[in-house]
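Here is the structure we will look at.
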Amino acid sequence: QRLTSSFIAHSEARLNIFCFLLNIPLGSTSINTNGFVATEEPPSESTYLGKMPPSFGMIAALHGDLDTSAGVGKVFFRQDSRADVLRRAAEHINRAFPYNDEVDPTHAVVVTWVDVAPHTPHTRGDGLEKKRNSFQLVLASLQKASYAILLYARDGVQFSSTLVQGSDVIMHGGFSKGLVPGFWFTSQGPYYRTTSDEEISVRELAEQTNSGQRGVWVYEIGTSPTFSDVSPGEVTDLPTEPPPFLAQTTEPSWPLYTGEQVKNDPEQIEIHSNQYQPLQPHDPEVVELDETEINVDVFSYNFGTCSNNRNKCSQFADCRDYSSGFCCHCRPGFYGNGIQCVAEGKPQRMNGKIHGRVFVGSSPYPVELGGVDLHSYVVVNDGRSYVAISDIPETLGPSLLPLSVLGGVIGWAFALEQPGYRNGFSVIGGEFTREAEVTFMPWNEKLIIRQEFKGTDELDHLVVKTTLEGKVPEMPLGSTVTMDPYAEIYQYVITSSSTREYKVNMPDGSTETRTYQCRQTITFQSCQHGDSLRDVKPSQMLSVDQVFVLYDVNNKILRYAMSNKVGDVNGGEPEENPCFTGRHGCDNNAVCRPGQGSQFTCECAAGFLGNGRDCDDVHKSVCQQERDSLLGGTVFGPRGPRPSESHIPACDGNGEYEPLQCDRRTGSCWCVDRNGVEVRGTRSAPGRTPMCIHDDGGPPDVRPTPRPDVDPLPPGTHLLFAQSGRIEHVPLESYEMRKEGAKAVLHLPERVIIGVAYDCVEKVVYWTDITSPAISKASIQGGEPTTVIRTDLGSPEGITVDHIGRTIFWTDSMKDRIEVASLDGSRRRVIVDSDLINPRAIVADPVHGHLYWTDWNREAPKIETSYMDGSNRRVLVQNDLGLPNGLTYDFQSSLLCWADAGTHKMECMHPDRGDRTSVLEGIQYPFGITSYGRKIFYTDWKRNAVVAMDRHSGRESDEFQPAKQTKLYGITSAYSQCPPGRNYCSVNNGGCTHLCLATPNGRSCKCPNNPATAACVERPAEY
């Protein structure tokens, strides 16, 4: 319903919900134009204006003398039990109370005050009479709890006081039970104020939060059985903002619940439309987002010298000191900004997730994108880029076809450079933010694309997080889009604008020509010292042609392909040298070196060998090379780019062709020889599998399909370490590596395994996989690999096992958190989720109830500790660290040791003493580390080896290089017997119903974040 006049200051609403405010049932409420909801009809304004708490029960969103007459402002309210409204309410509540059990409200009441003004104009001459406030209150309830969600638009609090009896009085927010009767007299009941008597407290409503989202405040206003307290949300940190040199990522300027016209129903209150619902196509307005101008500056690094900042540079860069500071410069053969450097000529990949809400056409309901995958591949030496976005529903996929801008930024980053011009990555590297505003003609639908590029991951792939918000014109399923070549002008490589025309081919055979305008801003950090940016042209033009777009409805994949060149804004003279046209015939992994006239040479990129026309990865087999050449998803043919339809071969753990090959599209299988050539007569019908062997006289592979295989380990203590696609082991004998007994114990083709951990009780190895991503396990005594966690993971890296409490702990460097779960993946709980940037290694000391982990944040690396329930967190080491990759705890000596790829040191300390000592210096690029007695073993990326060192002598004693020469990741000790010791979780799970997490003098009983039952009981740390 709508309150339309200030003469009708309130309206009674009968609520069919179970809701309490400080144990007052809200069966009937009075909704008031003055910014509050009352538990009864309020008395005259003179008795409550300017007072908090008032004499009656009140929920004040922003209470003052407000004017809604003559169309100045409007008030809407409704009861709502639609799934999307309840889901949004649940998201706010669960985000605000991350340590409570998740809730699912069953009913909601939505009250919205829109453009309300002070009741009488201010006379201070500052124009405040033109200012308006807009805000919203949502009451959400379930059987055992009631919540109030207050939402304030970013620009919705424009005044903070109103006139009361001739004086300016600060507006108020809060909750009050009102007067309560006593034995002899009435007294003021409990109340809770959300604002103070200071003006800033009102203005902060739109700028701060207690729920983790700017302008959104959540309160628990009644909980079973007493319903007598108000509890504020617990997340006062604002959403993660980029550092000062980045564009400020902003939330939509109006994050409110929207109403829609609902036909009269005897069980439902009629809801009148308001201006914030998704608009219809005939309306030229759009869903407006915050368009705050982005201020772009080139910030300097912190003053310092290379001697103490060298670790900030890429491993392929040199650090140079200048009079005002230092800069990083990529070495010859590499390019970038010095912080990130990549090999010239090497194809580049980009991976990430897309989130957001997109309205399509006239639909009032958005399509939600909850983290769909984005993958991109660029052939740098000719500027071709390919983008694939998976799991795009049919309701949205066709309408996103024109948006080649979604992947256009990687085309700009690695565009083919014309003489004297530089592409994006060569100037700004891989850490930047980009905001693009796309406006479709003629109805002005608007889509905002926000992308945060976070540098490169372990595989040197760019990592990007993308958010979409807004509206796009609808295109029917079956439509196709063709786009002509276009150009974008980049001003100082940070802003660009263009108008793009595209032709829509409708399913009925008709065609339409449409356009949209794209304006984008890119912000980044660069170095002011030296002359790194002096040769950057003030304006550059990105030319894009051979644009190809496709929506694969069967697989729900959106694909874009295009060719990109960066050069003169005026076009200039056309370049004839093939290196600048892209028509050179060099291998995809080669650099084209221009000579005089049309002469050129092809040179294999770093890490590849060959004549330039054909380059082989020094670490890759023929099978792996063939896979990589096809995994881009799109190829260029004589008529331009098209999706690849070739079979992608399966390679085994050694990089050789699997004897059995199957086509997922057709379901047929066949046998191949060692060169990958099909064996005639072996191709089977779909659903049937031939028996295939290589012609080496060995036993046949009796498995029905290729799968990971586990080779049992012999008795004794072993080292387990990870390589891409496999876990290997080296047996130990008297603390020495018995290298002749080394072998691969687990084959996982196509997986990148980062962390490994060992459960000495059940003889099971656990590992993290960043490609799925997933956490899995397998018995080293033989058996099937099993995935234990596959959802809500970003980039799981470090992992450790509490063999006493029967739990696993892991770090997630994309989610920036530490979690715990039972060994089977159930009872999952986040224990640390603040002040983490790049958490990696993690180890447990279950006997003493401690966790330790590293954070290799280049700006502030650190090593931290906490109890195993995440409490009593503190920083152990934060000085003189560079890139602390590996961490190990030796239960015999109680030493915590770490390996640092930035300082090139290995150091140890007793955590309770702080007696930090260096045990080895001059190491190259350590990643994983583990201890066994007096020996410490670590993996090294430069040496592609497992290296042993003696902690007592401080010297390296041995190294093992596996046959497969690729990067080695995590390493752990697989003990023949479990280390001695017990804790309070040893017997009967410590008396806990779910998670038993050890502390130094007891244990904590904790519930999972999403308990399957209500029978979970939490208990704090106890003796």
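Every residue, even glycine, has its Cβ placed from backbone N, Cα and C.
Disulfide connectivity taken from TrEMBL links Cys669 to one of Cys662, Cys671, namely Cys662. Across the residues of the domain 'Nidogen G2 beta-barrel' (346-576), the predicted structure has a mean pLDDT of 84.
Counting residues of the repeat 'LDL-receptor class B' (806-848) by DSSP class, helix then strand then coil, yields 0 helix, 23 strand, 20 coil. Scoring each of the disulfide-bonded residues (Cys662, Cys669) by how many neighbouring Cβ atoms lie within 10 Å, the top position goes to Cys669. Note on the repeat 'LDL-receptor class B' (849-893): DSSP counts are 0 helix, 23 strand, 22 coil.
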